[in-house]
Amino acid sequence: MKCNFCNNNAVYKDIDGNFYCRDHFIKYFEEKTIDTIEKYKLIKSGERVGVGVSGGKDSNALLFFLNKYKEYFNIEVFGIHIDEGIKGYRDKDTEKLLEISKKYNLNVKIYRFSEYFNIRLDEAVKISKEYKSCTICGVWRRWLMWKAAKDLNLDKFATAHNLNDEVQTILMNIFEGNLKDLLKEGPYVGIVEGDFIPRIKPFYFNTEKENLLYSILNNLEPPFGECPFIVGEFRDIIRSKLYKLEDKYPGFHKNFLRNILEIIYKAKNDYKMRNKIRLRKCKICGYPTTREICRACEIKLRINNI
Ligand SMILES: [Zn+2]
Ligand SMILES: [Zn+2]
């Protein structure tokens, strides 16, 4: 197949049946992302934007994209990589990320569990009876992201969630009756209270396949796949059912997301007015929390005392 816009061979077909060659796909992908950023006012001129980079394809692509357009948006871009300490998994991704950042001159800072919590995740999981691996990992990651935002004086935090991720997450929240998290969805997640910074999702309307192709065409893909501790059966089921729907009804994800976003935005304002959450600061570290000591400090204390 030939590209619709030039004479080269096509590498991609979009849901409307248009064919794109390598260069025209990259142009299409980048223009769509710029549209999302501008339409939802995700970034302002002069801001310092952090990107959480796991070393996986989506976040590598996001860091690469924002860095490529940092003059266009007049922003400073920082990659923030969290090394949980999982032998054979994270160290490979970290290596690849460092290789990419050197090649493309990306500014990447590394935050290690071992440095801030005195222990690697794989060791913490072995000695902890109280906490599941994903709990420790999630709580500590969030804490380190907050710490990085403070250290680097960031205005926004960008994550690489794509269209498919978002539709899955929204449906999971609906099925689980999780209204509070459902209302947090959208390309721009504002601040609840305290000194958190807004989270933005520039790839919100790009599909998983488009992110993958963009990473491959730019040589950004990581050597290995998923976290060995991951348990995501429910998400996997939803994901595969949704792909079947997409096959039968092309554009299903996109249409669903556009419709549900309108409902979420309306509900969000209503909910915000009725529920003001009072946050205070953790006695030990200053992290915004509803408790006296935040969960990150609590887990750190328990695990290091065993
Ligand atoms: Zn072309
Ligand atoms: Zn704390």
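Any Cβ shown, glycine's included, is placed from N, Cα and C.
What you see is a predicted model, and the numbers here were worked out from it, not measured in a lab.
As annotated by TrEMBL, Zn(2+) 1 binding site applies to CYS3, CYS6, CYS21, HIS24. The DSSP secondary structure for CYS6 (Zn(2+) 1 binding site) is coil.
The Zn(2+) 2 binding site annotation in TrEMBL covers CYS282, CYS285, CYS294, CYS297. Sequence-distant neighbours of CYS297 (Zn(2+) 2 binding site) (same chain, 6+ apart, CB under 8 A from its CB) are CYS282, ILE284, CYS285, TYR287.
The domain 'tRNA(Ile)-lysidine/2-thiocytidine synthase N-terminal' annotation in TrEMBL covers 49-183.
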Between CYS21 (Zn(2+) 1 binding site) and CYS294 (Zn(2+) 2 binding site), what is the CA-CA distance rounded to a whole number of Å? 50
Given a 10 Å Cβ-Cβ cut-off, pick out the one of the binding-site residues CYS21, CYS282, CYS285, CYS294 that has the most other Cβ atoms nearby. CYS294
Got a sec? Which of these binding-site residues, CYS3, CYS6, has the most Cβ atoms within 10 Å? CYS3
Here the Cα-Cα span from HIS24 (Zn(2+) 1 binding site) to CYS294 (Zn(2+) 2 binding site), rounded to a whole number of angstrom, reaches 48
For CYS6 (Zn(2+) 1 binding site) and CYS294 (Zn(2+) 2 binding site), what Cα-Cα distance in Å is obtained after rounding to a whole number? 56
